[in-house]
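What TrEMBL records for this protein:
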type	residues	note
REPEAT	211-245	repeat 'WD'
REPEAT	246-279	repeat 'WD'
REPEAT	293-334	repeat 'WD'
REPEAT	417-449	repeat 'WD'
Amino acid sequence: MGYAMSRLEIESELFEGGNVTSEAGCSNRSDKPFCKVDHEIAQLTNLKSVPNERLHQLMPGKKKLPVSPVKMLAGREGNYSRRGGFSSADRCHMISRYLPVNGPWLADQMTSRAYVSQFSADGSLFVAGFQGSDIRIYNVDRGWKVQKNILAKSLRWTVTDTSLSPDQRHLVYTSMSPIVHIVNVGSATTESLANITEVHEGLDFSAADGIFSVKFSTDGRELVAGSSDDSIYVYDLEANKLSLRIAAHMADVNTVTFADESGNLIYSGSDDNLCKVWDRRCFVAKDKPAGVLMGHLEGVTFIDSRGDGRYFISNGKDQTIKLWDTRKMSSNTSCNLGFRNYDWDYRWMDYPPQARDLKHPSDQSIATYKGHSVLRTLIRCYFSPEYSTGQKYIYTGSHDSRVYIYDVATGAQVAVLKHHTSPVRDCSWHPYYPMLVSSSWDGDVVKWEFPGSGEAPTPVSKKRIRRRYYY
């Protein structure tokens, strides 16, 4: 079951245990306090999650400790902030102290591995994709009722990714196939069987061998995809054709995402260990990135953007999450190989102990977070929601069947969620409420909440999942 400090009454830098490094260099010894990220993002995060200065000045108490909810409410009633209510930073200061660690409560249980799980932008829907061709869309506001049960068409190996359109009318799904399928999820039909009860239109990415990652643009007009032929694709949905192909990397492109709402910047990560930034406004040469970011010693499995076109995080097979500032990127396009002096394959081998303390000689990341494990599959990581936490945390699934939550500014491991019995490939934090949902290869989709639903956590029966080839 879950365990953690539900109320973070102590400031994050007072936590002990776990590991963190920053560009300034921090000790990993557990008997020392964590080092703060010596960078602008720490200040930006504080601005989003620290209450009005007048509350510290006018209310008694230690300034270093979080202002209690009682003081926050008293300050609001006394209009100490002179705003007549809570600011967004005040709200984040209160909500971010109450982590979604209680539970878990069972949302669904399948007999095949869960690969993808994501809330919609407004939190009203939740999408889960399973290896056995099922993609389920749950109506969160109606007690997690299955609103749409999609049986994927032409599935090869597994559902590798899904993306819900901004208007929540369409869902695209991918597998190890050059065809990306799009489904109308706004229809009244619950059972969506490909070309039987509904048409699953195929979008032809004909040059790609298989798609690992796909994302809608903010305006819903384009898709960006990363493929096993080392390329990035952009598909124009209005023109119904590919508008761009970039020979982006020297190995599989495991992850792509739009950097911000403009759609001009794209981040990509690959098994060549590199993260790259692509600016569609100023292509000098189509296959030349705006910049390259080095630091991972093994392949990049996932990238999540902070949404500001400047910062993003990446999960890597070197068992780390790295935080990046695009202003530090270089024009170096070398494939960054040659640092490994050991034989290792993450699909079936444990990470070599001698590799855990290695550091890239040209590491351009501004912080590194350690503790979770990235093995067997493309584990995903994310910033916590802006509305409720001010993106104060980073959270990730893990091969060791847990979910880890780190403090962005200090690197402290503030919570570990234990329930699953197989790798947690994906997890998702509700955009507005203290609720986190994790999904695992054990087939369970479970909710973690604070303070909880008022019910006892649901007993979950365990099934034996047959092990097969991993990717």
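Placed from the backbone N, Cα and C atoms, the Cβ positions cover glycine too.
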>> Can you give me the average pLDDT across the repeat 'WD' (293-334), rounded to a whole number?
In response: 94
>> Quick test of the contact rule: Cβ under 8 Å, at least six residues beyond the ends. What residues does that give for the repeat 'WD' (211-245)?
In response: 160-167, 170, 172-178, 180, 203-205, 251-258, 261, 263, 266, 268-270, 278, 280, 286, 302, 378
> Near the repeat 'WD' (246-279), which same-chain residues lie under 8 Å Cβ to Cβ, leaving out any that are not at least 6 residues past its ends?
Replying inline: 212-215, 217-219, 222, 224-228, 230-234, 286-287, 289-294, 296-305, 307-309, 312, 314, 316, 324, 326, 329, 335-337, 378
> With DSSP helix as H/G/I and strand as E/B, how many residues of the repeat 'WD' (211-245) fall in helix, strand and coil?
Replying inline: 0 helix, 23 strand, 12 coil
> When the repeat 'WD' (417-449) is classified with DSSP, how many of its residues are helical, how many are strand and how many are coil?
Replying inline: 0 helix, 17 strand, 16 coil
> Per DSSP, what is the residue tally for the repeat 'WD' (246-279) in helix, strand and coil?
Replying inline: 0 helix, 19 strand, 15 coil
> What are the DSSP helix, strand and coil residue counts for the repeat 'WD' (293-334)?
Replying inline: 3 helix, 20 strand, 19 coil
